[in-house]
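In TrEMBL this protein carries:
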- B:5-121: domain 'Response regulatory' (DOMAIN)
- B:Asp54: 4-aspartylphosphate (MOD_RES)
Amino acid sequence: MREQLHWENEALRAEMAVLRAENEQLRADERWRAQRQGLVEAELGHLVRLRVASQRLHETLHPLELLDILRDLLINLVGSETLGIFEREGTELVLRVSLGIDAERFRRLPLEVDGPIGHSARTGASWLEELMEAGSAQKRTDGPRACVPLRLGGHVLGMMVLFGLLPHKPRLAPEDRELLELLATEGGRALFCARGMAAGKPS
Amino acid sequence: MARKKILLVDDSSTVLLLHRMMLSHCGYELVTARDGQEALDKVSAERPDLIFLDVLMPRMDGFQTCRALRARSETKDVPIILVTTRGEPHYVRQGFESGCTDYITKPFDGEELLAKVRGHLEEARPA
């Protein structure tokens with residue numbers, strides 16, 4: 001009898017050890033699934049931002065409405081409330097839409113202007129402060145933090161300039177750069193179409 | 001089981017579309033309003049389980065709307081999440097003083113948004 005109890009006890013101990021191991025495995029699986037879910041939701045969020053931007057850019061064929069939409073995207077998806085959006089007219093950039101900046105100071109900028117705005121306008125290449133200057137947060141003045149040309153087929157049609165980000169957003173994230181790149185190309189295409197319609201002919 | 005209903009109040013089409021795309025395919029029913037007054041007009045008929053409320057809006061801002069919602073019997077216990085571009089402490093304090101349950105700062109990511117929604121809808125679920 002005593003021996004039988006001993007063996008039953010041993011069997012129960014062994015069973016408990018197996019259950020403990022299974023439990024530990026289930027916990028590990030749960031942690032992995034939660035981590036995966038976080039990554040998938042983060043990726044989904046990023047893709048949704050791109051999709052929202054793309055959809056909104058094709059909501060209008062009026063140039064000024066389009067620039068207002070661009071401003072709304074920069075505020076709500078990128079996180080800037082000090083910005084200017086310019087259209088290119090000949091050898092100048094003309095400020096069409098702005099927020100939180102001295103509009104008079106930036107009303108018309110020659111393409112030859114020194115600094116990142118002029119450089120981006122001439123070359124068609126985006127300029128993002130964080131990419132160009134290490135430790136730039138300490139060196140910052142009131143200059144731009146990002147200059148992103150609205151471009152189509154190598155032509156610069158306009159320019160989005162971010163002069164600052166929201167206080168709780170210290171820097172542009174890699175996802176923001178991807179979004180800005182989409183705004184540059186899709187925005188350029190949309191602006192070209194809208195201008196064509198405004199001029200009375202399809203582009 | 002009935003789908004949970006979320007009222008989105010924002011004057012930005014971008015934010016409404018972003019919420020819609022993130023939340024609708026997670027099984028939530030969505031209702032939108034473009035400002036605080038429209039939100040107040042809709043809550044009696046729609047009876048939302050959760051409200052996202054922008055702070056800066058025409059006609060009636062988010063703080064005023066939040067206070068008005070808390071004064072109504074049908075929304076006094078509904079979780080209200082303020083959506084704001086301002087994360088500074090005094091703005092956050094003002095939000096809580098107006099009766100909000102939580103806040104989220106723009107631009108928000110999808111993971112954060114879904115976590116807030118799940119958290120507050122779970123908390124609000126009757127025992």
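Note: Cβ is positioned from N, Cα and C throughout, glycine not excepted.
Mapped onto DSSP helix, strand and coil, the domain 'Response regulatory' (B:5-121) counts 53 helix, 24 strand, 40 coil. Its own atom aside, the Cβ of the residue listed as '4-aspartylphosphate' has 26 Cβ atoms within 10 angstroms in the protein chains shown.
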